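Following: one structure in structure tokens, then a few remarks.
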Amino acid sequence: MPDTDQAASWLASARSSLTDISVGPRTDRTGRVEDIGDGIALISGLPDAKLDELLSFGNGRYGFVHGLEEDSIGCILLNNEGTIEAGDAVQGTSGVVSVPVGPGLLGRVVDPLGRPLDGKGPVEAETWFPVERPAPAIIDRELVTEPVQTGTLAIDTLFPIGRGQRELIVGDRATGKTTIAVDAILAQKSNDMICVYVAIGQKTSSVQRVIETIRTRGNPDRCIIVVARPAEAPGLCWIAPFAAMSMAEYFRDRGQHALLVIDDLSKHAATHREVSLLTGRPPGREAYPGDIFYVHARLLERAAKLSAAKGGGSLTALPVAETEAGNLSAYIPTNLISITDGQIVLNRTLFDQGQKPAVDVGVSVSRVGGAAQSPILRSSVGTLRLDYAQFIELEAFTRFGGLPDTHVRQQLARGACIRATLRQGPHAPLDLLQEVALVTASQNGLLDGVTAKNIRTIQSGLGDYLRSNASEISTAIESGGVLSAEQKERFVACLRQYVEPRASAAS
């Protein structure tokens, strides 16, 4: 039986070898820091390093490879703790930057590496995802057919957004971009959508206001807030949107629905320009490196509606970008407009005139969301967008003088009513029933001559009134169904009973 004993001994040895195998990052490749400064380290001695590879400087200090040269590599640091000097050893890990993901992040405020910022203790991670993950293949995607209610009447009626869409919010500084994005999060308070908000280089006071708004008006237990503070290492700002995308993908890949707000990609582009120039990459237009389009495209392509075979989950992205003096033809805005499925453009002039949200109807568009709009809302809107666009053009023309005829005056009065209806206060998102009711009332002339302030007063109790006095119709609307002709007549009659006495009292 010697052969049997020999075979048993060999199998035991093989099992022992397999047990001793480690699949963790390797730390036996060592390089040397040649130069260090501004959050960037120049390293030699790691000829086999790969882009985005995680490097360890010891004592909990890490960075990742961002640039590869013939005899050196550029490394972006991920933390400011400790000191790194020229001549220090650096080890390649053969791993990549990863973040904790899972339900344990819900209700938490974390940095881009998943470290807690809310004082609630360590995050309970179900697993870890690399910050850079491939976008879903075309065969694994499905058409955008389900609506995302943003709670902003001007968007849900004129430029609807669907689950799995990428819709850019762009405008000058302080025109309400973050307000619209946060309102979209608040509007998910009572549904099944997970919300992730990532702040990139924003002022601490601004981020604190967002956190407090979500805590008091939304459902913080279904939200993840990722904060990359401007005082942190540039590497944290750079990976922030990618890390937040990975956190949202966890839920999408399990058949759930997620909404990601990236605030904002203009600051991320500035960070990418900074670290790229410091690592020696040649500058291009507006000093941005040539790969800036690719960086943002590979990020936003990860947002998608998955097919039923992949679980049917969705990840909707609302990236924010800033313009200067309304210049949409600048490099970063044009890049993002071409990458995304539409854009909500906010106009400084409209904002200063008190039209809030200051959505510019002429240049805003949603390329795929129209198919996802709720059928009842689509039928209620009718020619609203066309009427409003014609009103804006006609109003500008009449400013040159002349006496408008009766027909023109009627068009101007009708357009003024639409404009007043579309005005909305901050952090007061509307539900589907309220939106359908307001649009129906406007389209049937029930709000003609009523000021925006009085419309908001009428709107405040409208939903509760309809649920009490037209419960059957209200239930049909909230379920997304289409009303019959008889139901439409009853609905308009109920609206008239509610609106007319209140409009008269307001007058």
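One is the number of the first residue shown, and numbering goes on along the chain from there.
Backbone N, Cα and C define each Cβ position, glycine as well.
For Gly171, Asp172, Arg173, Ala174, Thr175, Gly176, Lys177, Thr178, the entry in Swiss-Prot reads ATP binding site. Look at Swiss-Prot and you will find Ser364 tagged as site 'Required for activity', backed by sequence analysis.
Within its own chain, Thr178 (ATP binding site) has Ser206, Val210, Asp263, Val320 as residues 6 or more apart in sequence whose C-beta sits under 8 angstroms from its own. Sitting within 8 Å of the Cβ centre of Gly171, Asp172, Arg173, Ala174, Thr175, Gly176, Lys177, Thr178, and not among those site residues for ATP, are the Cβ atoms of Glu322, Leu346, Phe351. Note: the CA-CA distance between Ser364 (site 'Required for activity') and Gly171 (ATP binding site) rounds to 11 Å. Other Cβ atoms within 10 Å of the Cβ of Ala174 (ATP binding site) number 11 in total over all chains. Taking Cβ-Cβ distances under 8 Å and a sequence separation of 6 or more, the neighbours of Gly171 (ATP binding site) in its chain are Lys177, Glu322, Thr323, Gly326, Val345, Leu346, Asn347, Arg348, Ala358. On its own chain, Asp172 (ATP binding site) has Glu322, Thr323, Glu324, Ala325, Gly326, Leu346, Arg348 as residues at least 6 apart in sequence with a Cβ closer than 8 Å to its own Cβ. By the criterion of other Cβ atoms within 10 Å of the residue's own Cβ, the least surrounded of the binding-site residues Arg173, Lys177 is Arg173.
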